[in-house]
Each structure stands twice: as structure tokens, then as C-alpha cells.
Amino acid sequence: MIRAPRCFLRISVAPAAALAAALLSSLARCSFLEPRDPVDSSLSPYFGTKTRYEDVNPGLLSGPEAPWRDPELLEGTCTPVQLVALIRHGTRYPTAKQIRKLRQLHGLLQARGSRDGGGSSTGRRDLGAALADWPLWYADWMDGQLVEKGRQDMRQLALRLASLFPALFSRENYGRLRLITSSKHRCVDSGAAFLQGLWQHYHPGLPPPDVADMECGPPRVNDKLMRFFDHCEKFLTEVEKNATALYHVEAFKTGPEMQNILKKVAATLQVPVNDLNADLIQVAFFTCSFDLAIKGVNSPWCDVFDIDDAKVLEYLNDLKQYWKRGYGYTINSRSSCTLFQDIFQHLDKAVEQKQRSQPISSPVILQFGHAETLLPLLSLMGYFKDKEPLTAYNYKEQMHRKFRSGHIVPYASNLIFVLYHCENAKTPKEQFRVQMLLNEKVLPLAYSPDTVSFYEDLKNHYKDILQSCQTSEECELAKANSTSDEL
């Protein structure tokens, strides 16, 4: 079992680079980037992986630090003895690639405004002109980093979980917390913010110390677990770097649904339709979501689209997630076997220690990753699988699909395994039970409507994955046949 270290790896940087990083960090905390009070938008349910956590759990809007106890959670004589949580990072900035596309679109609108003076044929100021003048505050340095709202997501999640499972998150267990993270700054920073939330739970009103000085130590980077997809040669070759792997995504971009939006947006913004493409339309839609999530602003970018447009753009995003992270290709989910097995190794060890009347060495394991970490794992377990694949040609048939990424993996999404020990068990098998929560709501079993399973039964259902799925074999590229079958 790998032990969590007590400090971050220290990386030396040139003084100028360090100064630049400090200045950028200070800018990120300036008030003009701070989130405002939550704002509603009719488009919010359709932002896919850019969805705010509170849009999936609307009860949090009135009490973001108060725990909501799902009535399906076990209680009474069954006591939680271990919690293993897989947590997506909190709200983040757009990536540099998205910002460059937005800058391209913004420049297109400004060029149009300089030609026509910013007025419409009726003399009224139009939406395109308003967007040309709307501040473009995104900068390349932001590149997917965690925002203050994302830190808030994590601190509040920590407070809720600590209140929901007080025995597991007890002060006595604090030094035994284990935190694993992806190497991406937004995940490392999410883990640190979560620890700050726990400090707030233990020491209300006291400022938290540096994470490296906390008793449990900072999160330990492990990309082989949290970014398994980067270490799977078969996935990288057959999906990530394969120009045809996302055929249905590209086909949908040129299909009738997206082309109708393209023409409509061109008319709304009064720009030539040939100057626009599906990627620019999508970045405009996501800019609405980023302004909403990061700053709490319902910006003019949101006025470009209506709900019907949003449903089509959500489907475009879901197509990408389906074919790159979900059921589109078997390797998408099979590449996550190592992570799935790691979770059950923690649970196995807790069961063994409890059976020997030993203290649980790691009562809480927290793993910080990405939407790309969670979706393959949930697919591996059989969740959110539709009868028919999502394709470029069945948008209308998939209007009521199960695979809606924004409802599954919004910012700060979490998949939690809770292991219980039940005192009144009649047989050894009945002593240990497991419940899973997705985004703090009890998740029924993928193979049954039940919301709780005997641990032994859960392991038996996933026996193939636990025993036969070897990442080294799953991710190995098929070797070219060097022999000829010809006579």
C-alpha cells in the first residue's frame, strides 16, 4: 500500500518565472474575478461538463454548507467504517485553446462593428454590437486553472461530507486521511481547498495553515490512477490520436441540427455564415457557461441561444464524451480498470482490518481527478448506458437519453463508496455492506434497483473487472501479424 507523503515535490523555477506566477496568482484573486451571488439561467441544464454543481443539486443554493441526508442512506446498526471518494476538480477557467477561439469570435464581431457602426437596420443596437463591446476578460494564462468558485466548491463539499459522516471525518481520523490527485493544478488545488474546508470544520473561525503543514499532509500526485487514459497506449492510438474516432462528433457538426443553429446565430449576430463554424458556436455557448459559473453573470453570450439551441449543443458535447470517454469504444472504460481495482483494494483492506478488530488504517480516501476520470469508471460499472448508441443521426431519438454528461459529471462531481459494518448481521456475509453516492445522492446499483449491496455480492458482480482486467493487457496495442496465412 502506498503511503501519502508529508510534502509537495518542490520544483525550482527561475526568479522571473516565480515572480510572474505570483503576480498571476494575485490577479486571480482580484475582486473582479470573484464569484457573485448565484444567478439562474434557462440554459444551465444543458452545459454538459461545464455545468455548475449547484445546478445538479439545486438545494445547495439556499444552504451550500449544510448537509442533505439522502433518506436511502443506511443508519441504525450499520456504521460507516470507510469512505472512498473520487472527486472531479471544482469550477475552472476555460482552456487556452477555448480562449483563443473566443478571441477569434470576438475579433470577428468587432470587425463587423467597425464596418457598420454597431447599429442594425432598424437603428437599434444589436446583440452582435453588444458582444463586441462586452469585456473579453479571459487571458491565456488562465488555461484551465481552478477559480475561486472552484475552491469554494471544494471547501463546501468538505464541510457537507464531514457533517454527513462525522465518525469518519472525526478529528482523531484527520491524520489518517489519504489524498491522491492528478498532476493538473486544478486538481492539486482542489485537494488543498478540500483540506481547508475540513480545517474550517474542525477549527471554525481560525485561518487554515499551509496545506503542507497540515497533519494529514498534502495530496499525493498519481497520474497512473487519476489520468489513466494518458498511460494507455491503446486508448491514445485508437481514440485520442485517431482522426476518425470522433466521426459522429464531426458528422453532427455538419448535420442539419447544427447547421440550423449556425444560420440562426449568423443572422442574430449579423455576420456572414461562412465566417462561423460549429467550434465557434460551441465556444460562444461555453462562454455563457463560464461567465455564469465563474462570475455569476448572465452575460450577453447567453442571449445568443434559446433552449432548443442549448439541447442541440448539449448533445454535441455528449457525443464527444460518449465516443471518447464512455461507451463509444470498449477501451475507454477498460482503461480505468486499475482505478476500479484500487478502490476495492482499499475496501478489502478495511474489511480485513475490521474482521481482525484492528483500527481502519485509512478511514477516508479522497482522490481528485477529472470528468475524464469519472466517466470511464461509471461506464465500466455499467451506469448511464442507453439501449442504442449516441450517433450523429439519432438526436431526436436520444432526447431522453441516460447519458447526459452535465447531470453525471458537473464541476465538483463525486462518486463515493461507503463501506458499512452492521452489528446485527446474521451471517458473516451480511456484516459488510456498500452504498454508492453520485453527487451526494445514493446511486442505485447498475444491475438492480437496490441502493445497498452486501460487499461480497458487489465484488462478485464485478468479478471479471476485479480479477481479469489487467491494464497492461487491455492497453497493449495489437501486434501486426508477421506471418502469412496464404498457402
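Placed from the backbone N, Cα and C atoms, the Cβ positions cover glycine too.
Per TrEMBL, the feature disulfide bond maps to CYS78-CYS422 (among others). Listed in sequence order, TYR420, HIS421, CYS422, GLU423, ARG433 are the same-chain residues at least 6 apart in sequence whose CB falls under 8 Å from the CB of CYS78 (disulfide bond).
Just so you know, the Cβ of CYS288 (disulfide bond) picks up 25 other Cβ atoms within 10 Å once every protein chain is counted. Positions annotated as disulfide bond by TrEMBL: CYS288-CYS302 (among others).
Under the heading signal peptide, TrEMBL lists 1-30.
Take the CB of CYS422 (disulfide bond) and look out to 10 A: across all protein chains shown you find 16 other CB atoms. Here the Cβ of CYS302 (disulfide bond) has 21 other Cβ atoms within 10 Å, regardless of which shown protein chain they belong to.
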